[in-house]
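Engineer: Dropping the structure in here first, questions after.
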Amino acid sequence: MDGKPATRKGPDFCSLRYGLALIMHFSNFTMITQRVSLSIAIIAMVNTTQQQGLSNASTEGPVADAFNNSSISIKEFDTKASVYQWSPETQGIIFSSINYGIILTLIPSGYLAGIFGAKKMLGAGLLISSLLTLFTPLAADFGVILVIMVRTVQGMAQGMAWTGQFTIWAKWAPPLERSKLTTIAGSGSAFGSFIILCVGGLISQALSWPFIFYIFGSTGCVCCLLWFTVIYDDPMHHPCISVREKEHILSSLAQQPSSPGRAVPIKAMVTCLPLWAIFLGFFSHFWLCTIILTYLPTYISTLLHVNIRDSGVLSSLPFIAAASCTILGGQLADFLLSRNLLRLITVRKLFSSLGLLLPSICAVALPFVASSYVITIILLILIPGTSNLCDSGFIINTLDIAPRYASFLMGISRGFGLIAGIISSTATGFLISQVGPVY
């Protein structure tokens, strides 16, 4: 793989495969904004300041007769910005419910995408997630149980859309461009987190919190149109690809080993130590990232005592750093490989180690610098930024060791990660309710 200078032919960034990476970037952008929308909106949905003035609030739905209270004006509180009395434990369950849904579909969707093609499966998952995002404000009016159900099904849809991406890259990404292409696509999640955290609070204040769901749900529907128009399962069947690019991709992929059969070698996978290292990496990575992504707006608003608008803006800063580090890490990884400066295994280990060690050090340091506004913000920026170096490490590693089963293995890997996400978000909500907001 390292000795193929021919894989550098052609105008890389003007090629169709980089166009596909941008479409996947947009789809990942869309899915993460839909996932994080609730983390922003919930600050207004369970606004404790407003709740204190509402004596007849329901535990599962909005305040039905809020307008009967003459001390609350229509401008301050209306049916478009209902307040719900959801405890920290309930919020933790709501946050983690989308992970329950994702984990249900990760493994089967990864396997089926490898057999039947990823285009339809990913597109359907994105469309379902977008429609359920539009439905979320109405679901909240019917009670917390329906919200949990909607988020669970939404997670199932996003699980379909997540894992199949590696099936496409197994057929579209030349080995020496894998880090670049996958990190361009994957950085959409970090950039989406930046956008939703930056503008979500502004939308909530200017238009009321339901519009957070309406705007990003509609964005997902637009993304679906692009997806079904531009994305194809492999370069052989794409009507717009040039002959030169098609030959470049096919010739580079022809030199890597492949398995002709569809049977999954489960026994070999179970006994493969590198795979277990990847699974453990996903578990550790998702544990920290889920806590940061889910509770960062609340942490910022309570620790730094800022309003929802400023909380969203501050919470967004770490994720622009994450998007930048993701892309730069991919460029650096492929540079090291293409110049034969480091072996493939060394590059993956290097980026995996940096992506796990550096954010952990920053997270451990946070409680000790809580009194310093500037240092706290710097550490919160560094945590997601350095964590996304993993995208050029173990996260892409399944494409290296088993490209034929990349989506199936990615489903299992994300399953380990989402188990960590479920445990961490639920445990965090429980600890907050028991210990209280000590910060």
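Glycine is no exception: its Cβ is also placed from the backbone N, Cα and C atoms.
Take a look at what Swiss-Prot says about it:
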type: CARBOHYD; residues: Asn47; note: N-linked glycosylation site
type: CARBOHYD; residues: Asn56; note: N-linked glycosylation site
type: CARBOHYD; residues: Asn68; note: N-linked glycosylation site
type: CARBOHYD; residues: Asn69; note: N-linked glycosylation site
type: TRANSMEM; residues: 98-118; note: transmembrane segment
type: TRANSMEM; residues: 130-150; note: transmembrane segment
type: TRANSMEM; residues: 183-203; note: transmembrane segment
type: TRANSMEM; residues: 211-231; note: transmembrane segment
type: TRANSMEM; residues: 273-293; note: transmembrane segment
type: TRANSMEM; residues: 317-337; note: transmembrane segment
type: TRANSMEM; residues: 350-369; note: transmembrane segment
type: TRANSMEM; residues: 374-396; note: transmembrane segment
type: TRANSMEM; residues: 415-435; note: transmembrane segment
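Help me see these features in their spatial surroundings.
Structural biologist: For the transmembrane segment (130-150), the list of distant contacts is 30, 34, 37-38, 45, 60-62, 82, 84, 86, 90, 93-94, 97, 157, 209-210, 213-214, 216-221, 223-224: same-chain residues at least six beyond its ends, Cβ to Cβ under 8 Å.
Same-chain residues lying 6 or more positions outside the transmembrane segment (183-203) and placing a CB less than 8 Å from one of its CB atoms are 18, 21-22, 24-33, 36-37, 40-41, 43, 165, 169, 209, 211-212, 215-216, 293, 296-297, 307-313, 315-317, 319-320, 322-323, 326-327, 329-331, 384, 388, 391-392, 395-396.
Residues 36, 39, 99, 193, 318, 352, 355-356, 359-360, 363, 380, 383-384, 387, 390, 393-395, 397-398, 401, 409, 412-414, 416-421, 423-425, 428 of the same chain lie 6 or more positions beyond the ends of the transmembrane segment (273-293) yet place their CB under 8 Å from a CB of it.
Sequence-distant contacts of the transmembrane segment (350-369) (same chain, at least 6 residues past either end, Cβ-Cβ under 8 Å): 281, 284-285, 288, 329, 333, 342, 375-376, 379-380, 382-384, 386-394, 397.
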Engineer: Do at least three C-beta pairs under 8 angstroms join the transmembrane segment (98-118) to the transmembrane segment (374-396), pairs 6 or more apart in sequence?
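Structural biologist: Contact criterion not met.
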